[in-house]
Amino acid sequence: MNDWTIEDARAGYNVTHWSQGFYGIGEAGEVTVSPDPLNPSNKVALDTLAQDLVQAGIALPVLVRFPQILHHRVESLCDAFNQAIQKYEYQNDYLLVYPIKVNQQKTVVEEILASQVSKEVPQLGLEAGSKPELMAVLAMAQKASSVIVCNGYKDKEYVRLALIGEKLGHKVYIVLEKMSELKMVLEEARELGVTPRLGLRTRLAFQGKGKWQASGGEKSKFGLSAAQVLKVVDELKEANMLESLQLLHFHLGSQIANIRDIRQGVSEAGRFYCELRQLGASINCFDVGGGLAVDYDGTRSQSNNSMNYGLTEYANNIVNVLTDLCNEYEQPMPRIISESGRHLTAHHAVLITDVIGTEAYMPENIQAPAEDAPQLLHNMWQSWTEISGRHDQRAIIEIYHDSQSDIAEAHSLFAVGQLSLMDRAWAEQTNLRVCHEVKGLLSNNNRYHRPVIDELNEKLADKLFVNFSLFQSLPDAWGIDQVFPVLPLTCLDKAPERRAVMLDITCDSDGIVDQYVDGQGIETTLPVPAWDPANPYLIGFFMVGAYQEILGDMHNLFGDTNSAVVFVEDNGKARIESTLDGDTVADVLRYVNLDADEFMHTYEELVEQHIVEDERASILEELQLGLKGYTYLEDF
């Protein structure tokens, strides 16, 4: 593969498509970040940035945030809707509401809000789904439009806090998720002397396709049926409060890959809106919820990890459907609201870490078995000589299948004591040699060979032991088989001579990344440059900005990683705005109610009992440093 080029690397890892222009591969084979896709020359190499962070005392793994990407995502989504509104002569506006559940980190929320600071009329609000989230947005929403959407199940305290938000100058929409909430809201509103802004979440009959499709449809956890919606209208009429009903909300589910699903859902919900208006409801906001997908694998397809549409098509479909429906029913066009958290945050964060070790299969020379060796070993030797000598007429794949059958029999014979350990080791090495040889003779252009190639890629893949916890940093990769782009940050100017799998440092066999973006598809192994300990490369896990931090758990007590907020200046230099230390060992012990100070007293007692006096001080110092240390590996 001497003709390998950077374009081959870009295509092989499909960077151009999943990155949306925010990340790329430079001519020297380095992965770069460019927060403004319209100015691609303004970029920074991630490996260089990682070195700068390490020199500043920030150990790997480190989660790097690029706020400029957040700004760009907000602007691009608002622009898409603004252009669609102009195109279809829609008689209202658009508001982007950020659901903070996607990423509640202070920096993330503040930077999303900061993207609208210069706007005369901000197009940004916040959504809360719990009391803690509501308390946060009550203190932050005034930095944008002061619009707050309250979703989720509610108790009296939640409702009162939302109503107090109105007294604080916010425009708070309390979305009714179940019938019992209506009475509670009206009672608390009367007590506080507040006119509530009510919303309805309706259950659509239509259900979008995807991993989160249970969020929509008639059996959804949230929302009101058609009959319940009408009952709410009747009760509001009786209370002379129908004018308080101002928002209609529905949700098809997160990561809707097919634009037709979105169009169909908007069409059904749009008829709810128009008919409720005909019944006298004063609804003036149409909240399409989430669903705007992110193209994790870059295939622009209907797969669960992709999307078959872009921002322009998304906005055009929603605006077009609502325009036609409102004209058909002769009803005013409502303000369009979307809750597009994944779209805003996914790209902005990258986890950068190091490889702590590797395990690779390298072919070894093997000798013919002794004449008195079990017949099985002679059969395996025959397969090896036939495939290596290229003089057998049998199909390559047939020989491969024979070898797999033989190695399975060898393991069975060893288990019942009919094959020695030395014989088993010889059989395994011979089988690996056959596999290695077969792989070199197969062709991707032959469709009959492809399943075997995939099998061999997995069987012969190198293992890269990577300094991170899958459960902490990529929980969706483990929990729902979400695909995240991953690739080495340097050495991509060299042809990928090996294929590998990434394993984390937890004591759990599930701690393995088992799906990788590879060209225009998903594979179980990743093509990588050959590992050179003298010139190691770092690993980057991309598009981890949505949900991963807040969903991450502390399996094996691996805690939050270090993090950094980085801006790329106009001169192409990285400016490290701020850093935040990850969890120490003492921190994670406290999470599970273990007292580090108490442990230290115990260590002192044990040292007093078991360690000679000259060593006590140094031993205690190491134990104390251990409690203060990073939960991830630092010296290896």
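Every residue gets a Cβ built from N, Cα and C, even glycine.
Among the features that Swiss-Prot reports, N6-(pyridoxal phosphate)lysine is placed at Lys101. Within 10 Å of the Cβ of Lys101 (N6-(pyridoxal phosphate)lysine) there are 19 other Cβ atoms, across all protein chains.
In three-state terms derived from DSSP, Leu292 (substrate binding site) belongs to an extended strand segment. Marked as substrate binding site by Swiss-Prot on the basis of sequence analysis: Phe286, Asp287, Val288, Gly289, Gly290, Gly291, Leu292, Ala293, Val294, Asp295, Tyr296.
Same-chain residues at least 6 positions away in sequence with a Cβ under 8 Å from that of Tyr296 (substrate binding site) are, in sequence order, Trp18, Asn305, Ser306, Ala346, Gln482, Val483, Phe484, Pro485, Val517, Met543. Put simply, Lys101 (N6-(pyridoxal phosphate)lysine) is 21 Å from Phe286 (substrate binding site) when counted between their Cα atoms. For the pair Leu292 (substrate binding site) and Lys101 (N6-(pyridoxal phosphate)lysine), the Cα-Cα distance reads 15 Å. Comparing CA positions across the binding-site residues Val288, Gly290, Val294, the one lying closest to Lys101 (N6-(pyridoxal phosphate)lysine) turns out to be Gly290. In the three-state DSSP scheme, Phe286 (substrate binding site) is classed as strand.
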